[in-house]
Amino acid sequence: MAVTEVEAPPPAVPAKRGLLRYNSPLAQVSLLGLICFCCPGMFNALSGLGGGGQVDNDTADNANTALYACFAVFGVLGGAAHNLLGPRVTLLLGALTYPLYAGSFLYYNHHATQAFPVAAGAILGAGAGFLWAAQGAIMTSYPPPNRRGTYISLFWCLFNLGGVFGGLLPFSFNYNRNDKKPVGVNDGTYIGFMAFMLVGAALTVLVLPPARIVRSDGTKATRVTFSSPATEGAEILKLFANWRMLLVLPAAWASNFFYTYQFNHVNGALFTIRTKGLNNVFYWGAQMLGSAGIGYFLDFGFASRRKRGLVGVLAVALVGTAIWGGGLANQLKYNHGELADRIDFKEGRRYAGPFLLYFSYGLLDAMFQSLIYWIIGALANDSEVLSRYVGFYKGVQSAGAAVAWQVDRQKTSLVSQLIVNWGLMTISYPLLALLVFLAVKDEDNSVSSVEDGKEKDSKLSAPTSFH
């Protein structure tokens, strides 16, 4: 059915168009980064301890399996939830599930039953699906097209600053527990995580509707309208036949698969409890550096956006190969499990090599995921389309993570886990390069959207109001 487009008058723009306006993309992406600093940032710090801070990994493995199995479903549905509810409600519903998860491990410290952590993990999986779908839609659609890499880096730095500060909690609360044998974290560590997560949930009420976001040049950031359940259901099904998403699928599957190995069998297996916290400070700090570096290059490296994407894939592939090669050399030293004599940060030379490896894993994670987000953001400018794309990415990512936690639960050899992680990332590089070559255009003067399996370019017009 043909639709006649009526030329709309330019949107009203505030007299002041500075970057720090509350309704600017920069302010809203920064607010989003603070929310994720408090919620998933602290969750990452908790997970990075290995075993959720417990001595036995089984409870955390089962809780994370439930978490990522639900995340796999609600990650895909999260894009629909965002399009139906808007970002504020979607983020709030997601953020409230994080303190429940941290609280379940506080409960486990006193009542050693897995039921509560596993149930809380499943609930968090649903909430995280909502939160990350809204996050992805905001982060990929609000920034100007030629500054997406910079905004992704800004978000990633704020988000991972949560992991940095979160790493200081177990380091400080457990500093005097220099146990060479395995030991769990104390109650204060979990209470600290819960306090930050509740603050993050409260911050979601400050998020503005997409229709109110205005860029510094006076253009509206997005044309999103509320959708309908029938439309969203149909569009979600189309994603599984969308060739762009099929090329993203291996990278999505790999992008959280390695956390189980890195958290449980590098940080969790090699270091004392206080050193685990300190390592997380640098692991998530490395993510800030990795994201900033790759983001700057993807925005400013070459005049051609397609060339920047292709060289970005090559750079991540080379760095990834070097880091996983170093990981294999380290893993061969302790293939039979945990070290009986844990490494402490005060041990100097003995600590330096494993620490550098764990730091490098964080660097690679941020480079890899920031690259994927940049590529997804370059596929479209429409927030509805991007929220579905990001939802698909997070859903597949979480399905891979759910499998990884159960692979670990089955006591799979550590060398095998490392090789699988390395192989998954290696397979994804040429497919991402192909996606950049086929789908990323050098021009930013049109909005690419996908309807009924066909590409359509439509000129930016005034956005429709929310109903």
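Placement of Cβ uses the backbone N, Cα and C atoms for every residue, glycine included.
Those TrEMBL annotations? Automatic predictions, nothing curated.
Residues or ranges marked as transmembrane segment in TrEMBL: 26-46, 66-84, 91-109, 115-138, 150-169, 189-208, 243-261, 281-298, 310-329, 355-376, 419-440. Positions annotated as region 'Disordered' by TrEMBL: 448-467.
Proximity of the transmembrane segment (419-440) to the transmembrane segment (150-169) is not established, fewer than 3 Cβ-Cβ distances being under 8 Å for residue pairs spaced 6 or more apart. As a quick check, the transmembrane segment (91-109) and the transmembrane segment (310-329) miss the bar of 3 or more Cβ pairs under 8 A, pairs 6 or more apart, so the two do not touch. When Cβ-Cβ distances below 8 Å are used as the criterion, the transmembrane segment (150-169) is approached by residues 25-26, 29-30, 32-34, 36-42, 44-46, 48, 135, 139, 142-143, 189, 192-193, 196, 277-285, 287-288, 291-292, 294-296, 299, 366, 369-370, 373-374, 377 of the same chain, each at least six residues removed from its ends. Looking at 26-46, 115-138, 189-208, 281-298, 355-376, the range that has the most CB pairs within less than 8 A of the transmembrane segment (310-329) turns out to be 355-376.
Contact counts against the transmembrane segment (355-376), taken as Cβ pairs under 8 Å, peak for 281-298 among the stretches 115-138, 243-261, 281-298.
Just going by CB pairs under 8 A, the stretch in 26-46, 189-208, 243-261 that sits most against the transmembrane segment (115-138) is 26-46. If one looks beyond the transmembrane segment (189-208) by at least 6 residues along the same chain, the residues whose Cβ comes under 8 Å of a Cβ in the stretch are 22-23, 28, 31-32, 34-39, 41-43, 45-46, 53, 87-88, 91-92, 95-96, 98-99, 102-103, 105-106, 109, 162, 165-166, 169-170, 173-174. Residues of the same chain lying 6 or more positions beyond the ends of the transmembrane segment (26-46) and with a Cβ under 8 Å from any Cβ of it are 19-20, 52-53, 91, 94-95, 98, 101-102, 105, 124, 128, 131-132, 135, 138-139, 142-143, 151, 154-155, 157-163, 165-167, 169-170, 190, 193, 196-197, 199-201, 203-204, 206-208, 213, 277, 280, 284.
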